[in-house]
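To keep things clear, I will list the structure first and then write my remarks on it.
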Amino acid sequence: KARVGFKAGVKDYRLTYYTPEYENKDTDILAAFRVTPQPGVPAEEAAAAVAAESSTGTWTTVWTDGLTSLDRYKGRCYHIEAVVGEENQYIAYVAYPLDLFEEGSVTNMFTSIVGNVFGFXXXRALRLEDLRIPPAYSKTFQGPPHGIQVERDKLNKYGRPLLGCTIKPKLGLSAKNYGRAVYECLRGGLDFTKDDENVNSQPFMRWRDRFLFCAEALYKAQAETGEIKGHYLNATAGTCEEMIKRAVFARELGVPIVMHDYLTGGFTANTTLAHYCRDNGLLLHIHRAMHAVIDRQKNHGMHFRVLAKALRMSGGDHIHSGTVVGKLEGEREMTLGFVDLLRDDYIEKDRSRGIFFTQDWVSMPGVLPVASGGIHVWHMPALTEIFGDDSVLQFGGGTLGHPWGNAPGAVANRVALEACVQARNEGRDLASEGNEIIREACSW
């Protein structure tokens with residue numbers, strides 16, 4: 001009888017993939033998962049299963065395991081802690097060796113870490129809470145096309161948040177009327193106007209017509225106000241080739257910024273566009289359409305801070321990041337946590353703000369967070385205080401809903417912003433005096 005060189009059959013994941021004695025390396029990618037095991041499954045087994053299925057493991061021992069070094073390539077669950085106040089929920093920390101990932105590919109990183117494991121039978125629910133991206137990996141990415149400082153220099157705007165506005169109604173306007181709305185907003189004092197995320201190239205308004213009329217509006221408003229203006233021209237399309245075609249046309253028109261829906265468009269398309277934008281001097285505005293499908297559930301999916309980190313690596317100069325005060329959900333501390341992850345170079349671990357790992361971006365350019373969704377002029381003091389100068393505040397209905405029209409709505413927002421920034425610089429407290437500051441500004 002031939003002797004078999006390995007022991008076939010199913011064995012517990014924790015025997016191989018749960019290694020509490022492991023000391024993680026500086027080059028490891030670290031992940032924090034919120035694991036809810038099925039009833040009767042021990043936490044160690046569920047956590048080890050997550051590490052296995054998102055790296056080298058499969059459900060049984062295979063003879064080809066002998067042809068490689070599992071110790072070198074396997075993901076390891078190195079720590080488990082129970083979640084306070086939740087029954088049968090754990091945070092599992094997993095370390096992945098750098099060799100498991102293709103350089104410069106967010107697509108590959110996500111395919112590995114969250115690709116397969118979320119449908120796994122042993123886990124009842126699973127959520128990726130945070131990732132630590134080591135410098136050895138982040139240095140393989142270009143990151144944002146330009147970053148915060150270069151954007152301010154391009155626009156010649158300093159010392160205050162930037163103001164934007166999404167053109168509404170988002171669908172149904174003709175290109176000429178759309179351009180007219182853009183012009184009115186920019187003339188009134190906004191820095192940017194924005195295509196809605198679902199404005200691509202529909203029968204009522206084809207992309208080329210929209211680009212032309214918006215460019216005309218832009219230049220007319222610039223000539224009148226003496227300020228540099230921008231309109232986020234949405235280049236998102238059905239294919240990468242078509243997307244780049246639209247970005248090329250935007251560049252030929254000489255406009256400063258284009259836009260992409262990075263989750264529906266996909267990370268491969270987004271990284272492609274980010275590279276084009278850096279090579280051609282375009283700023284890139286990123287919308288997070290579809291994020292709530294992934295990040296809304298508290299115990300399953302992925303936290304937005306992970307999607308935000310991925311975007312900084314893939315590339316974007318602005319990204320929508322919730323408002324803390326408007327119509328869309330977002331807790332203040334958590335939101336500020338990932339806003340810092342977008343803007344700052346070095347962020348300390350701080351569990352109260354949802355930051356599980358210290359993250360060093362080693363001088364990768366920062367991304368401007370965009371506050372957008374149900375905010376209006378009375379929120380301005382709170383927004384100025386919460387987000388600070390390096391942000392874009394976007395008022396859609398809060399501009400266009402003004403009873404006198406778009407331009408007066410834009411004027412109202414600009415006046416409120418300037419008043420809040422001036423009051424803050426004079427040492428007044430925006431939290432307590434905010435409404436008073438806005439009322440004073442009304443009488444200018």
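The chain as shown is numbered from 1 upward.
Here the Cβ of each residue, glycine as well, is placed from N, Cα and C on the backbone.
The structure displayed is predicted, hence computed values, not measured ones.
Over in Swiss-Prot, the protein carries these features:
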- K7: N6,N6,N6-trimethyllysine (MOD_RES)
- N116, T166, K170, R288, H320, S372: substrate binding site (BINDING)
- K168: active site, proton acceptor (ACT_SITE)
- K194: N6-carboxylysine (MOD_RES)
- K194, D196, E197: Mg(2+) binding site (BINDING)
- H287: active site, proton acceptor (ACT_SITE)
- K327: site 'Transition state stabilizer' (SITE)
| said: Return the residues near H287 (active site, proton acceptor) by Cβ distance under 8 Å, restricted to its own chain and a separation of at least 6 in sequence. | reply: E197, N234, M259, H260, D261, Y262, I319, H320
| message | Radius 10 Å, atoms counted are CB only; among the binding-site residues N116, S372, which position scores highest? | response | S372
| query | Taking every protein chain shown into account, which of the recorded positions K168, K170, R288 has the largest tally of Cβ atoms within 10 Å of its Cβ? | reply | R288
| said: I'd like the number of other C-beta atoms within 10 A of the C-beta of T166 (substrate binding site), please. | reply: 24
| query | Given the binding-site residues N116, D196, R288, S372, which lie close to K168 (active site, proton acceptor), meaning Cα to Cα within 10 A? | reply | D196
| query | Checking the binding-site residues N116, R288, S372, which are within 10 Å of K194 (N6-carboxylysine) at the Cα level? | reply | none
| Should R288 (substrate binding site) be counted as helix, strand, or coil on the basis of DSSP? | coil
| Minimum Cβ neighbour count within 10 Å among the binding-site residues D196, E197: which residue? | D196
| field | Collapsed DSSP category at the residue listed as 'N6-carboxylysine' | value | strand
| message | These are the recorded positions: K194, H320. Which one scores highest on other Cβ atoms within 10 Å? | response | K194
